[in-house]
Structure formats: C-alpha cells, structure tokens
Amino acid sequence: MTKMIYPGQTIGIIGGGQLGRMMAVAAKEAGYKIAVLEPTMDSPCGQVADIRIVAAYDDEAALEELAEVSDVITYEFENIDYDGLKRLTQMAYVPQGAELVRITQNRVTEKQMIVEAGCPVAPYIVTSTYEELLEKIGEIGFPCIVKTARGGYDGKGQQLLKSAEDLQLAKDLFTHSQCIAEGFVPFTKEISVIVQRNGDGETYCLPVGENIHINHILHETIVPARIELSTAQLAEEAALKIADSLKLIGTLAVEMFVLEDGSIVINECAPRPHNSGHYSIEACNISQFTQHIRAVCGWPLRKPKLWAPSIMVNVLGQHVVPLTNSISKFPDWSVHLYGKSEAKVNRKMGHVTIMTDDINTALQQITDSGIWPE
Ligand code: AMP
C-alpha cells in the first residue's frame, strides 16, 4: 500500500519557480501546508509557501531542515543535486526517488532509458571531447545538433551543424560537459505528452499538446494537437511505455517530434509538471499540478478530460506590459502571472490560457492583440 499524505500535513518542494508555485497552489486547495527550499528570497513559490528555507539546493543543513518540516518531498525541476536528493531519500519520504532525476538530468542516460523502454529516438553518438566528435561525426552526418549532456534548457547548450564547415561552432560546448550529437529530425510538428502515475501504478496521460517554439522557447501549446488520431495514440503509448519502464511516481513530460508519415521520435523527458501542460489548469477536469500532488500524496488519480480546445501562450518579460494593458479587452482569457519582480527579456513571467470552440479564431485573436509580435 502506498503511503497516504493527508491535508494538514506538509509538502516540501525543492525549487521555488513557477512550477513549484502552481504545485503549491493546487496543494493548498486541498489544505496542505507548503515548505519550499530555494536560494532566492522572494521566489514565485516562496510567495505562497508556509515555510521558506532560503539556501542552495545542495546545502546539507537546509536539506535536513526541509526533511524535518516535510511529510513528503517533491521537486519542481530536474537540475537539482542528485547526491543531495539521494541523501534526502534516506532522511525523508521522497516517493519519486532520486533515480528519475539522475537519468533525466543527463541526455546520455535519458536516451538510453528511452531506447530501453522501446521508444524511437533520433540517431545519436556520445562524444566526450571535440576530437571524438570529429572522429565519429560520419556515423550520423549532417545536418545534426550537438547538445551538452547536462544542463541545457530552452535551446541553451546546443549547436546546429549544417555541414562540416560548422564543426568548430560546437567546440565550446565541450568545456561544459560531455555532449551528444544527434541527427536533425525533419519534423512537421513538436508535441508533448504529460504522463502521471501514482505508487499503485495508476497511470494517465493529459491530452497531447502541440508546441510552437520561438527562439527555442515555448511560445504556444495548442490542445488537442492538430495531428492524426493514430499519431496521438502512438504518442500516448510511448509515454505510457516510458512511465512504466521507469516505474514512475509523479509526473513525466515527454517531448516528441512528429514526422511527415505520422510517426514519432522522442526528443527528451522532464520529470516534473511542464510548461506545455499549463492549459490543464482551466481546460481539464484535473490539472497537471493537482494530479502531481495526488500522485505524491498517495491519492487515487483522476482520468483527465479536456473541457474544450485550448491555447496556452507564454508571457515573457517583453509581453508583460502589453498584456496587463490589454486585460480589460479579453474577459475570456485566463491570465497567470508568477510574481517575478524583474521582467527580463525572454524570462518566463506568466501565461495565458484561452479555451475556445474554434482554435483558428483564437489564434487570430492572439495575433491581433499585438502582445506577441513575431
Ligand atoms: P531540446 O533542448 O532538446 O528540447 O531542443 C530544443 C529545440 O531544438 C526542440 O524543441 C526542437 O525545436 C529543436 N531540436 C532539438 N533536437 C532536434 C533534432 N534532433 N532535430 C531537429 N530539431 C531539434
């Protein structure tokens, strides 16, 4: 039997960003208390938490304090210190364990895991040095993308190589970590599936989202994704296979490419609620955050149902002022801002969700609003 954590008890969250904040808000709805470990003072999650521990993620005393005040511990991002998390599993109840983080924070172990689960990935090679890249590049050819094994996000830590002449552009990446180089996938769409599982093995996927990136940062998620039903089924089956083989507890976001023939290739996974699942707060009978809290607290999961087609649009630093000036024009938009004080360019500050009967009209409304100039 899975351990049950009851309302009134305390959920500890490692990481104080917007994902932690939305987890905390979902948990508070059911009456949980929240403790957050985060290095900055006024974090999005810290603003809504009951207990704030302001320290580095690998600070031993801080982790001990978090363990002491929390009845269960979860995390909102994957680049936390694996050894610290592992120690925490010995001092506190961490139902997600530490292995999921170890595997997904390194592209090499992540790809191996996806392949072992029986899912397709782009052809790739692992290279520890630039010289090794030069030796092995013939195995995948051009165009290809070199990515640091660790620490990349929103397109950082990667380099597209169109031909052999571009090879030196990848040199700097090796100062950061080992790299992988993978064949360029000529995708027609990018999609994601958020799969969630509790300790009793109950597993559900949220409807497949279609993701549109601008400058490598997620701009919009359209749900349901505008893909064939058979592709959506392939996507869901792949996410379920990966969740099963990991014996997932909590949330895994699986990002995928759709090819011309409707087949899919898995890009990467994140072991936490995901930007492309924010639409579920309004548009589903269960949000990714509530389901995550249910999973880590040992509750039964709810089968997700989409109330209406929806679009989620990210609000970056440069969009905050135009959005706030336009709030009165769009009564049907659900506006979320994360409480970050500095609206830096390209920093994720919030998002808007629009539920609609007609995706094309809503897309046009987003364009016409002028808030998101291309
Ligand atoms: P990632 O950090 O791996 O999610 O990559 C960021 C973005 O780069 C993806 O969302 C794609 O748009 C693009 N990308 C990454 N890998 C590939 C690939 N193998 N082929 C084509 N595009 C890619």
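From the backbone N, Cα and C atoms, a Cβ is placed for every residue, glycine too.
Under the heading ATP binding site, TrEMBL lists ARG107, LYS147, 152-158, 182-185, GLU190, HIS213, 267-268. Annotated domain 'ATP-grasp' per TrEMBL: 111-297, in sequence order.
Shown on the structure are the features that TrEMBL records.
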residue : record           : DSSP (3 states)
ARG107  : ATP binding site : helix
LYS156  : ATP binding site : coil
GLU182  : ATP binding site : strand
ASN267  : ATP binding site : strand
Pick out which of the binding-site residues ARG107, GLU182 has the most other Cβ atoms within 10 Å of its own Cβ. ARG107
Among ARG107, LYS156, GLU182, VAL185, ASN267, the binding-site residues whose C-beta sits under 6 Å from ligand 1: GLU182, VAL185, ASN267
Within the same chain, the residues at least 6 apart in sequence whose Cβ is under 8 angstroms from that of ASN267 (ATP binding site) are VAL121, ALA122, VAL185, GLU190, GLU255, MET256, PHE257
